[in-house]
Amino acid sequence: MELSLSHSSLGISAVNPHCKASSCQPKAIPSKLNGKLLDLSFKCFKNGVSVGLYSQSSCSKHVPTRQFKRNSIWACSQVGAAGSDPMLNKISTFKDACWRFLRPHTIRGTALGSVALVARALIENSNLIKWSLLLKAFSGLIALICGNGYIVGINQIYDIGIDKVNKPYLPIAAGDLSVQSAWLLVIFFAVTGLLIVGYNFGPFITSLYSLGLFLGTIYSVPPFRMKRFPIAAFLIIAMVRGFLLNFGVYYATRAALGLPFQWSAPVAFITTFVTLFALVIAITKDLPDVEGDRKFQISTLATKLGVRNIAFLGSGLLLVNYIAAVLAAIYLPQAFRRGLMIPAHIFLALCLIFQAWVLEQANYTKEAISGFYRFIWNLFYAE
């Protein structure tokens with residue numbers, strides 16, 4: 001950036017090093033604009049914004065003074081927009097921190113699973129569908145998101161040191177959310193979820209919801225901290241994200257329709273499939289966290305058996321799941337759509353095998369391991 005100042009004029013130019021000096025001379029701006037433009041130019045320069053009178057692609061063509069003034073004002077206003085109001089800045093930062101605190105990928109899994117089961121129950125009893133049930137279903141989804149927020153939130157509160165190594169982007173570990181604010185959020189999530197469920201879904205579903213919160217608590221909170229014990233840890237995750245979620249949602253939906261609970265072949269399959277999938281997620285979730293877990297002496301299957309063995313174990317269990325899905329479609333054609341279910345699960349199984357091969361070829365680097373774990377979640381969404 002070349003800045004030329006005199007007592008009567010201000011010239012600012014972005015000079016292309018390949019241009020001749022004669023063709024890139026700055027054009028003086030009338031002195032009556034000096035005060036405003038000088039102030040704008042220095043403000044923009046201070047904020048790291050380059051403002052030029054000439055185009056970098058053709059420095060022989062001058063930009064009109066009026067256009068320069070307009071662009072300068074626009075650039076400075078854009079830079080200063082966020083910093084001009086500290087309160088808006090704080091609100092925006094807090095909103096972003098809260099969203100990361102909720103772990104969005106887990107919300108997607110919870111929402112997609114619950115919507116699928118509600119849809120299944122409604123398809124089985126389409127004659128009982130009422131618009132009044134829409135509000136109840138929405139409140140149930142909010143309660144599930146609150147429960148999810150409580151469980152992942154309480155885990156972050158007690159894993160700050162580990163997260164600074166394994167997941168430094170999480171809001172508490174990154175310093176974007178205070179521990180006090182995090183406690184207020186998890187208390188809010190727990191109370192709100194319990195109130196919604198208790199008011200709308202009766203004592204049995206409330207007890208299941210409370211059991212999920214309890215299991216999420218003992219998973220993370222001392223002196224229990226069941227995450228220290230590999231088998232207990234992944235059984236808790238599989239129970240909460242697999243069986244309790246699917247059974248509870250389907251039970252609540254049938255109750256809202258005025259029907260007693262009754263297993264059907266598709267729902268039994270979905271519940272079993274998702275529970276085993278949740279087990280795989282529980283096993284593989286520690287793959288990207290081996291470094292921090294070893295540092296803080298957290299015993300996981302990945303630290304005990306090695307990353308490669310756990311990746312193969314998770315892939316093998318998922319392949320069993322997909323093979324079971326194909327067999328279910330073959331032997332229960334009245335319950336499942338063969339034309340969709342068989343090719344879809346064969347395709348997903350082939351994708352899984354390919355991704356495991358990619359991980360092997362990458363020699364299990366940290367980036368490859370993180371990509372493999374994200375791929376497992378993407379497979380979950382695809383279901």
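Counting starts with 1 at the first residue shown.
A Cβ is built for glycine as well, from the same backbone N, Cα and C atoms used for every other residue.
Automatic prediction, not curation, is the source of TrEMBL annotations.
A quick note: this is a predicted structure, and the numbers were derived from the prediction, not measured.
As recorded in TrEMBL, the features of this protein are as follows:
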TRANSMEM  133-158  transmembrane segment
TRANSMEM  178-197  transmembrane segment
TRANSMEM  204-222  transmembrane segment
TRANSMEM  228-251  transmembrane segment
TRANSMEM  263-283  transmembrane segment
TRANSMEM  310-332  transmembrane segment
TRANSMEM  339-358  transmembrane segment
Among 178-197, 228-251, 339-358, stretch most in contact with the transmembrane segment (204-222) (C-beta, under 8 angstroms): 228-251
Interface present between the transmembrane segment (133-158) and the transmembrane segment (178-197) (three or more C-beta pairs under 8 A): yes
